[in-house]
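Student: Here it is, the structure, as structure tokens.
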């Protein structure tokens, strides 16, 4: 486990990170990084033995002038064609040289028995007649097939919006107690009603004078790194970030205790969301022991007072997970939306946006990047129309194209790993592609 400490510097940002060393860290470009062993996944090997393609048979079999075996059975066919033809075994025919030999008209031309110049055997003539019959059969068959196609390939009519079962997911998991399917709809309705209570104003211009958006971005990036190495839930990370913003919007602080605020917020979030709480000494260790245990507990009490002891705060991550489940979104698309949502933690302008709207915008953008669209199911459960989600997606896409601050690319490196399906490598959309 590596540590980082924020200290005051003379630079414009006034904030830097210092990390301890141990066997699980490596130093790259002056920044200590945690080393996580890559997770290797084995893919099942299946032997695919495609069946050989069967050779199509013609109506009268494979007939060629070079294949003698194919012509032998056709001698029986000559007996059937004798009643319809005036040709006999001793008939002599001549072909006109003015017309091409390969056309169907030349093959089917009437034969004159009066003008005979050379004897011709009956086998080549039988072949030509059968080829002509084959051509006539092929010319007659397509109209019959076209007449039958409209009745066979009728597309099913699309169900109107009134016939969509919006509660299908909850009904499917009604017998699973951990899903809380019976109360899920009411829980998220309550969360959305409580959002105005936890709105964060623009505190950088009104409250804080010694803390800048760049310092806040460094703190959030550090929290992401701690969450990854402590193996905490993502809900813990988002709750800690929300507690930091609420506290900074009410209490003016010095930059020297900014990391203490983040550590105490993460400490509270772990108590609320984690099953096993990391030891208090670990939280002080990641701060390079810059603060004492008494200071950590004192900041914890101040944070509880600032939020009014209410920890059931609506979080964008919970909204996003709910939207993806009810709409049956794939794991890759959901992970891409999580990546976009996690990047918003570094961007100060998104901290005072509605949590449910941020989640809807991230999912809308992820669907667009995967060539999919916002649907009626998402509109029903999120409460946002396609246009409302698209407006937020435009801001998010602009963030991806021109990030304001990216201190260490911790989130990018995290979602570049195969565990997160390497969604960070998915090509970004231009603003023109987003509108299209």
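Every residue, even glycine, has its Cβ placed from backbone N, Cα and C.
Whatever TrEMBL says is automated annotation, not expert-curated.
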Student: May I ask you to indicate which of 106-133, 134-161 is given in TrEMBL as region 'Disordered'?
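Tutor: Checked against TrEMBL: region 'Disordered' maps to 134-161.
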Student: Mean pLDDT over the domain 'Cyclin C-terminal' (314-429): what is the value?
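Tutor: That stretch averages a pLDDT of 94.
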Student: Using DSSP, how many residues of the domain 'Cyclin C-terminal' (314-429) fall into helix, strand and coil, respectively?
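Tutor: Taking each residue of the domain 'Cyclin C-terminal' (314-429) in turn, the totals are 78 helix, 0 strand, 38 coil.
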